[in-house]
Every structure is written in C-alpha cells, then in structure tokens.
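Peer 1: Sharing the features that Swiss-Prot gives for it:
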TOPO_DOM  1-18  topological domain 'Cytoplasmic'
TRANSMEM  19-39  transmembrane segment
TOPO_DOM  40-80  topological domain 'Extracellular'
TRANSMEM  81-101  transmembrane segment
TOPO_DOM  102-110  topological domain 'Cytoplasmic'
TRANSMEM  111-127  transmembrane segment
TRANSMEM  129-149  transmembrane segment
TOPO_DOM  150-167  topological domain 'Cytoplasmic'
TRANSMEM  168-188  transmembrane segment
TOPO_DOM  189-202  topological domain 'Extracellular'
TRANSMEM  203-223  transmembrane segment
TOPO_DOM  224-295  topological domain 'Cytoplasmic'
TRANSMEM  296-316  transmembrane segment
TOPO_DOM  317-321  topological domain 'Extracellular'
TRANSMEM  322-342  transmembrane segment
TOPO_DOM  343-357  topological domain 'Cytoplasmic'
TRANSMEM  358-378  transmembrane segment
TOPO_DOM  379-386  topological domain 'Extracellular'
TRANSMEM  387-407  transmembrane segment
TOPO_DOM  408-426  topological domain 'Cytoplasmic'
TRANSMEM  427-447  transmembrane segment
TOPO_DOM  448-451  topological domain 'Extracellular'
TRANSMEM  452-472  transmembrane segment
TOPO_DOM  473-519  topological domain 'Cytoplasmic'
C-alpha cells in the first residue's frame, strides 16, 4: 500500500519507510482485539433490557420495569445486582491489567493478545450457558480478564508497528473495531429479542465467542513488534520484522535507535518508582487524567445501558433496541472520520471540537428530558419528541467517536518514554477500567437520584476536560515515539518538568515510547 516514504522526527532525523500491505494487515488483525471490548459493551445493555433475561435472573427489576407510566421512570431499573452484572467485567479487567503488563513485557505483545482471546472465549461460553446469577458474574469476570489483556497489549502493538506519520490512523483501528463490535451486538440484540421461548439472550451472550476466536487465531499468526523482540533478546528477528513492516532494507537508523532505547530501558530496575520522578510528571498526569476524563464523558453508560436508557425515557422495547442500533451506526461512522483526520488535523483539534460538541449535546439532552419528565419522572414522549432526543444523543456519540473515544487510547499509548512505558500503560488501563467500573456500577442509581441532572453532571466534566486539553496537552501528531520528550520540553507548562538535560539524556532512543520493556 502506498504511504509516506520518510518520517520526519522532532529531533531532525528521518526514518525511511512506507505504509506496507503487511503492516496494514497486522494492525488490522491486532485491532480486532477491540471487537471483544466493543461487543461486550453493546451486548450487556441489550440483554439487560430483555424481559426474558430480567424475569429469569433479576425478577425484582423486571417487576419495576413493568410498573405503570405513572411511577418514577428514572428509578425503574435501579438495581446494584443488575449493574454488577455489567460492571464486574471492568473490575476484573482492572485487576488483570498488572498481570497483563508483565505478560506483555516478558512474553511479547502477541501472546498477551492470545491470552485475552482465550479467556474471553471461556467467559462467553459460561455466560451463554448460565443458569443463575453467579454463573453470569463468573463469566463476566473471565470476560474482564480477556479485556484486561487486550486493552494492555493491542494499543501498544499498534503504536509500535505503525510508522510515526500514520500511527494515529492505525492505532484508531482499535477504536473502530470497538465500534464495530458495539454495532454488531446491537444488531444481534435487536434480532434475538423477539425469539419465541425467551432464550434469545443466550445467543447474544454466547456469540461473544466469535470476536474472541478472531483475536485468538489472529494472535497466532501475527509477528511480534520489533521493539518487543529487541527487549526480549531477539535482535535478528526484530530487524527482519522491521524491514518487512517498513518496506525497505534501509532501517539501520531506526533499528539502532530502538536498540539504544532498549539498552537504556534495561538499565532501569524500578520503573514503577521511576515514573514518579519529576521528569515523567507530564506522562504520569496524562496516564491518569486522559482515561479518567474519557469515562467521565459518560459515554460508556450510554453504550452499556442504551436500550435501558431508551426504555426509561419512554421508548417501547423494540424501539429502544433500534435506537441503540442507530447510535451504534453513528459511533462507527464517526470513528472513520477520526481515522481520516487524526494525522492531518492532529489530536488537539479533535479533542477540542469533540469536547465542545459533546458539552452542547449533553446540555440539550438533559434539558429535553427535564421538560418532558421533570423531577417526578412521570410522563410519556411523542414520536417527534423522541426523534429529537435521539438526534442529540447521536450528536453526542459522534463527538465522542472522533475525539475522546479513539484519542483516549491513542494518546496514552504514544507519550511514554521506553523505560516507564509498560508501567505507564498499566496505569492508563487501570484508571480506565476503575472509572468504567465505578460509573457503570453507579449509573442507574445516579439516574434515579440525579434524574435529568445526570446529563448536566457529565456536561460539567466536559467543560473541565476540554479546558485541560486546551491548556496542558501538547500536539503529538507525526512525532516518532522515540522523540516524544522534545514535545514535553517545549511545552509552556511541562517544560519546567522536562529539561534540556532530560531530552539530551534520552538520546536517540531513550525517550522512546515504543516498548514496555519493564513493568
């Protein structure tokens, strides 16, 4: 495939190479790890809105859901056990992220992806065959282990395989696959909800094994990244892979920089302690705040509970599932916009535009719900009013899909120096999963108590995070990850933490961010 022939670095170097069919294929296969993440997000919200599923496992919630329209609509799905079914996955992923970091470092990126696929496959089988709530939650825990491995290894794999000038586009492949997984799950929910006998939810939960099988088999045929191979002592293999993915034999400079970076990283004995050093303060801040902010957009509760949310605000069963399909389509196509524009417009432009759009949409959605249901939560919507509400929810989803969705994974994966990279990525995944669990577990209760104010709550956070990006996030478009320290040293605020001495000390490779050699 055609691509950029030279990659310009901040430090003035150029690495020869182009976008090859081989690197595109490997990144496409690796990105399928996002399918397991996205499929679960979509399927869990759908099955928890199905009468047959609720009546079998959550009868008290089923009774509330069937209550009269004269009762408080905000609270009819409020159940900690029901939310635990959804959010237990992310608690398991949180705990797994530290083990996954070690596996990713010691055995390589591809085998971490393989572990994720196998455990997700086991979890999907258990959920599809579940006969009680404990089987459901145990299956969710296995799914969470799979997600923990995939989210640790796939973003690193994509960042390390991609040429610097196309890193954003290829890395966002993970988010695109996530949106495809969500859309596929929404379509399956819609198709299986009307199956006679009430066992359609088993199909939805069991079919999670399909994306798990794709990433499992894909991991077996993928090469590992040159960075990981060098770090594990396979220098010859690393150079052969680098030649193949760059489409040229002239990879000496890039290879030498990788080796130098690996040697410096190998000398670091305590990366978890070192990440607290002053010169890594910018990266540590990004590792914590970007995934934290990503969840505080409120997107995952929209995606988890889209059918439940639409039922809450007055949609019929089939209409709520179809509305979730519509938001899934918007999510997928808007992610394509991000793929096309991220390496042209840059990260900051997408963050700022998307954040502004999401803020406006959240305020409008909250206001529309307030006008219709008020504080009491009693009322019904006309068809035209419902269409208007879905329109603004779709605007919100689109804003997320070309900004905080893909960039929330891309930016943390590309900013770390090599010697702290695995520790940094683990922190990013850990924070993401922790906030996903907390917000997912609390959402239905928050909806019950905050009512329409919940959307204003998330809108307020949109203001905070958009301001943070405007002031404190430098542009990383087109910057090779070995040269990322230059970006921090030239920033108006972070330059006081990353000095010229730190940049010089990074040398050709020490400032790199392509590997997670040490945990």
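The backbone N, Cα and C atoms fix where each Cβ goes, glycine too.
Small disclaimer: the values here were computed from a predicted structure and weren't measured.
Map the listed features onto the structure and describe their local environment.
Peer 2: Mean pLDDT across the topological domain 'Extracellular' (40-80) comes to 76 in this model.
Beyond the transmembrane segment (81-101), the same-chain residues lying 6 or more positions past its ends with a Cβ under 8 Å from any Cβ of the stretch are 40, 44-45, 48, 57-58, 61, 112, 115-116, 133, 136-137, 140-145, 147-149, 151-153, 304-305, 422-423, 425-426, 429-430, 433-434, 436-437, 440-445, 516, 519.
Long-range contacts of the transmembrane segment (129-149) within the same chain: residues 36-37, 40, 57-58, 81, 84-86, 88-97, 99-100, 103, 112-113, 115-123, 202, 205-206, 208, 212, 429, 433, each at least 6 residues beyond the stretch ends and with a Cβ under 8 Å from a Cβ of the stretch.
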Peer 1: Which of 19-39, 168-188, 358-378, 387-407, 452-472 has the most Cβ pairs closer than 8 Å to the transmembrane segment (203-223)?
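Peer 2: Maximum Cβ contact count belongs to 19-39.
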Peer 1: With DSSP, how much of the topological domain 'Cytoplasmic' (150-167) is helix, how much strand and how much coil, in residues?
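Peer 2: Taking the topological domain 'Cytoplasmic' (150-167) as a whole: 16 helix, 0 strand, 2 coil.
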Peer 1: Cβ under 8 Å, sequence separation of at least 6 from the ends of the transmembrane segment (19-39): give me the contacting residues as numbers and ranges.
Peer 2: 1-4, 113, 116-117, 120, 143, 146-147, 150-151, 153-154, 157-158, 161-163, 166, 170, 173-185, 207-208, 210-212, 214-215, 218, 221-223, 244-247
Peer 1: Looking only at residues six or more beyond either end of the topological domain 'Extracellular' (448-451), which have a C-beta under 8 A from one in the stretch?
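Peer 2: Those are 72, 74-75, 78, 369-370, 373, 375, 377, 457, in sequence order.
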Peer 1: What stretch of 111-127, 168-188, 322-342, 358-378 shows the most Cβ pairs under 8 Å to the transmembrane segment (387-407)?
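Peer 2: Answer is 322-342, with the largest number of Cβ pairs below 8 Å.
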Peer 1: Please work out which recorded stretch in 111-127, 168-188, 358-378 has the most C-beta pairs separated by under 8 angstroms from the transmembrane segment (322-342)?
Peer 2: 168-188
Peer 1: How do the residues of the topological domain 'Cytoplasmic' (224-295) split into helix, strand and coil according to DSSP?
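Peer 2: Secondary-structure composition of the topological domain 'Cytoplasmic' (224-295): 55 helix, 0 strand, 17 coil.
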Peer 1: For the topological domain 'Cytoplasmic' (102-110), could you work out the same-chain residues 6 or more beyond its ends whose Cβ comes under 8 Å from its Cβ atoms?
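Peer 2: For the topological domain 'Cytoplasmic' (102-110), the sequence-distant neighbours (Cβ-Cβ under 8 Å, at least 6 residues beyond its ends) are 149, 152-154, 156-157, 160, 219, 222-225, 228-229, 231-232, 422, 516-519.
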